[in-house]
Amino acid sequence: MFKSEWKNILKHRMTMLTVAAMLLVPGLYGLFFLSAYWNPYGHTDRLSVAVVNSDAGTDYEGKRLDVGKDFVEGLKDNDSFKWVVSDKAAAMNGLSAGDYIMVIELPKDFSENASTLLNADPKKMNLDYYTNAGMGYSSAQIAKSAIKEVNEEIAKQVTQEYATTVFSSLSELVDGLKDADDGAKKLDDGAADLAEGSQKLKDNLKKLAASSVTFQEGVGDLKTGAGTLSAGIVSAASGAAQLNNGLGTLSGGAQKLDDGLGTLSGGAQKLDDGLGTLSGGAQKLDDGLGSLSGGARKLDDGLGTLQTGAGGLQTGAAKLDQGLTQLKTGADTLSGGSQKLESGAEQLNQGLGQSNAGLQQLQEQLTPFTAGMEQLNEAVQGLGGQASAAAEQLGAAQQQLQQKAAGIKQQQEAVASYIQGSATIPDADKQQLLSLMAAGAGGSGEAAAAAEGASPSQLEQSLGQLDKLASSVAQLNEGSQRIQSAVGQLAEGQSRLVQGSSDLLDGQKELTAGLGTLSGKLGEAEAGSKQLAEGAATLAGGAGQLKDGSASLVSGAEQLKNGSSTLVGGADQLKSGASTLVSGADQLKAGSSTLVSGTDRLKDGSQSLVGGLGQLKTGGGQLVSGLGKLGGATGELRDGADQLADGSVTLDNGVGDLKEGTNELYTSLADGVKEAGDVSSDDKTYDMFAEPTEVKHVDVNHDITEYGEGLAPYMMTIALFAGALMFSSVYPLKTPQIRPRSGWAWFLSKFSVILFMAVLQAAILDAVLIGIVGLHVQSLWHFYAITFVLSLTFLSLLFLLFAALGKVGQFIAFLILLAQIGGSAGTFPKVLTPAFFQAINPYLPATYGIRALREAVSLGNDWGYFWTQLAHVGAFGAVFLVLALLVFLFSSKRIKTGIEEEQGLTPSTV
């Protein structure tokens, strides 16, 4: 059986090509999948990120702070992404369209909030970003990771800015301390001067206390003289009041004179203005009458032209009336012809509808004919396959073939009869359709004759005839389909013609209706033209009357023009006399104003004199009273001087303490200046503040640099299972090539093919990944060992399922593939998957295969662990093979008892 199995593969070219194609499936799967996702994170510079800089900047510590602008400038040196600076509207539109994976917006108050770090209530810098996960979830995740880096970069930039500011302020602080040290030195010097001045103050205050007695005696003499001065001031105040009353009377008379002269000046000015207006109006009247005379002449000329045009209008109206009468007669004739055309279009539309219905009947009759041809073709093809497996069913197949041939012949005759009698199918198309049907009828006749003369003993000869029969039936089937296609195209064209005829009929109806409307409107136009002719005659008569009246208008306008010239001369003389009157009135007004002003100043001076004497009188009394109080206070002054003398002693002691404190302040500030000056800063200091830690990554095993390298174990496992699944769907994993001698022989013949597939599928997959994709492995032979065992295990599983359950087994294998995709923990750690997948994880061969592949590809530090995982995979494969062997042993036993023969499961010779 082993020899027969391989002889069947090598003998049939199609089987060899199928097996060869299945060998390439895992390699192609791994090639296309891993090469597509080999290094996506290495090409993030192709991903476009829009940056919207709305930051307005701010002033901080006397400097301009533009965090947003600096950030955008820094992006020029950042090739992590393809940065695009844009406005917000364009950026959001691009995000919705998928042009950008992310939009980063720096708000208007970005720099302003950054400047509040040292405030009592600092504000955070809001960094807004937008993603569109619906356009690509992985891109959105990459964008979320990238925004963290962007945020850290901005934080670093702000920290550097603050470090620079702080150290700059520290430098300023050192300068300030130096200034404070200088000031403290001056303060110390001033304290020494203060001590010296305090001593002088103490000596002088003692002198003040001694002089206060002499001061008290002088105050008494001053009080006596102040009483005499107060009496003289009272007499002067009485005389000043009388002078003030006389000046008030003089000021009132001067004001009345000034008011009267103001009224005279205003009236003269109004008279002058009115005469100016009169002169200007007379001039305008003269100019207007000149224009009136010229306009009257133009009116007379225009009325002559109007009279001539009215005559021409009357003649044209008569011609228009005659033309409208002829046009209405032609429109009535056209309307009658349109109605006849509409009747013909309706008849055409009805004929096309009948033709279209006939074509639809032809299509309905061709449908069962075509279906019968397809059934016959399928029956002939199936008959060829069944003849090699069951010769005893020949009689039934003969009868079936004859029945199909007879049915097709009847359908052919019915279709041919319809085609010959149809008046809607062109003659050229009829000949082509009948020729195709005749060729198909010949093939079906040969098939029926060949089937009728066959017998079980002539099976080998019939197989050859069946091939010819299959070819004839295929041609017949093709011809029937071409007939059906041609009729379908004809029916489609007929339907379009019917639609066009309907549109023509609708348009003709609209034309008929429009012509009726046109005829009615032409009648209305004819009546209007008659009214126009009557109006033109009336217009001509009125124009003649207007021409006569315009001559009188021209004569009267010339007389008015002569009178207006005389009026203009008299108005100019009145205007000259009024100007002289205004000039004299203005001179009188100026003199009276001067008089009023002088009297007002005299009155104001008198009032000031009266008020000053009153204040002097009051002040004299207050002076006398104050000197009395001063005499009583001199005693208190003497007591205060004594107290000041005592306080100066205390002040002198405090100044000594101040001197000691200023000296200590000066010394401390000098030490602080020295220590602050020792602090230095540069770019390294600022970077240390902004980024005090440095992250170092050390992989304890092989460092995976490509995304595809980490994904390879998972994808290889799925690729090998997919190759096994596809192979089981195209190759008979149970059907023997000859009758099996034993279950062992049957099993081993099929297992030899599976073993061959496992060896080559694994080898091709490994070669593709290492040689083409560029996968690096820790141990080449460990790598091949696990891929071979995985391939053999998956093929053994499909071997078992197909042998035991047939097509149902293939479906179960597909479900197992889905379970391994989700439950083998190939992409994410097992704890991140749902509970169901965590539960089935230990029972999946792919779980242990992926672990072993990771050790061989990227780890390579625990080969004991590798062999443990490989043993698990091998154990699965051994169990599958043992169960498959039991299935073959049982199936072989059933064949021997004849059970499978009764169910038509005997082996074929294909």
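A Cβ is built for glycine as well, from the same backbone N, Cα and C atoms used for every other residue.
Automatic prediction, not curation, is the source of TrEMBL annotations.
Record features, source TrEMBL:
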| type | residues | note |
| --- | --- | --- |
| TRANSMEM | 16-38 | transmembrane segment |
| DOMAIN | 20-156 | domain 'ABC-2 type transporter transmembrane' |
| DOMAIN | 692-886 | domain 'ABC-2 type transporter transmembrane' |
| TRANSMEM | 711-733 | transmembrane segment |
| TRANSMEM | 753-775 | transmembrane segment |
| TRANSMEM | 781-804 | transmembrane segment |
| TRANSMEM | 811-828 | transmembrane segment |
| TRANSMEM | 870-890 | transmembrane segment |
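Scored on C-beta pairs under 8 angstroms, the neighbour of the transmembrane segment (870-890) with the top count among 16-38, 711-733, 753-775, 781-804, 811-828 is 781-804.
The transmembrane segment (711-733) shares the most Cβ pairs under 8 Å with 16-38, out of the stretches 16-38, 753-775, 781-804, 811-828. Listed as Cβ neighbours of the transmembrane segment (753-775) (distance under 8 Å, sequence separation of 6 or more from its ends, same chain) are residues 5-6, 9, 19, 22-28, 30-31, 34-35, 38, 708-709, 712, 716, 719-720, 723-724, 727, 731, 733, 783-784, 787-788, 790-792, 795-796, 799, 857. Residues 9-10, 706-709, 711-712, 715-716, 718-720, 722-723, 726-727, 730-731, 753, 757, 760-762, 764-765, 767-769, 772-775, 791 of the same chain sit 6 or more residues outside the transmembrane segment (16-38) yet have a Cβ under 8 Å from a Cβ within it. For the transmembrane segment (781-804), the list of distant contacts is 26, 716-717, 720-721, 723-725, 727-728, 733-734, 750-751, 754-755, 757-759, 761-763, 765-766, 810, 812-813, 816, 845, 849, 852-853, 855-857, 863, 866, 869-870, 873-874, 876-877, 880-881, 883-884, 887-888, 891: same-chain residues at least six beyond its ends, Cβ to Cβ under 8 Å.
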